[in-house]
Amino acid sequence: MKFKRFLSIPIFSVFLLVGFVYYVTVFIFIDDWLSLQSSAGSLNALIFTVLAFLSVFSFLVCVLTDPGGVPSGYVPDIEDSEVSDQEHNKSGIHMRRCDKCSSYKPPRAHHCRVCRTCVLRMDHHCLWINNCVGHRNYKTFFILVLYATMASIYSSVITLSCALQKDWDFSRRAPLKVFYITCGVMILGLSLTLGTLFSWHIYLITVNMTTIEVNYEFVSLNFTMLMHISCGCK
């Protein structure tokens, strides 16, 4: 069942993108800049190959790893039945039932409409890995973003270095110039996107929150502000 997750257009697009970036970085930019026959060119190709391999391996693990569903038959363990409901709410032990699964949900668990199950410490459902990011695969997802960011930045530096060292003849090399600009913009955009995502998850780790919890807090804050404004207008 897990391998069926690979039957997805976004996952197929990721493999195409990784293959394209790897090919142009190693066999076009590094070869044109340093030559793959030189020691410097071989070293840069080896470093980028390792980063690309780690990214692909982490990607495969993210796709195949279960995010951590709520065990069937889960019931909250409340030892002291005489504790009041107010104390339950303060301690976060209050019992919640999922509207979709009709089962109890532990704290920080959320129901995924795509996976059709409740996920422990769910961060979000990622379209690009066709899987939820939750308790069991969040570490792998974070490592994936780290390696992908490093690889894309490394590719951006190589692309820029190769472009700067070329002696451009704009009257004869217009198609080549368009190719370099297109690849540079694409790889730089990928680096900025992954770098932003990596920074976001560093922030989430430092504040011990998930994307869903931050969004919920943001919506609640805006709702509270609107209520205060409406009350003030009255």
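Placement of Cβ uses the backbone N, Cα and C atoms for every residue, glycine included.
What TrEMBL says about a protein is an automatic prediction, not a curated fact.
Listed features, source TrEMBL:
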DOMAIN    96-213  domain 'Palmitoyltransferase DHHC'
TRANSMEM  7-30  transmembrane segment
TRANSMEM  42-64  transmembrane segment
TRANSMEM  141-158  transmembrane segment
TRANSMEM  178-200  transmembrane segment
So what's near the transmembrane segment (7-30) in sequence-distant terms, Cβ-Cβ under 8 Å and 6+ beyond its ends?
36, 41, 44-45, 48-49, 52, 55-56, 59, 63, 127-130, 151-152, 155, 158-159, 162, 183, 187, 190
Provide the three-state DSSP residue tally for the domain 'Palmitoyltransferase DHHC' (96-213): helix first, then strand, then coil.
65 helix, 16 strand, 37 coil
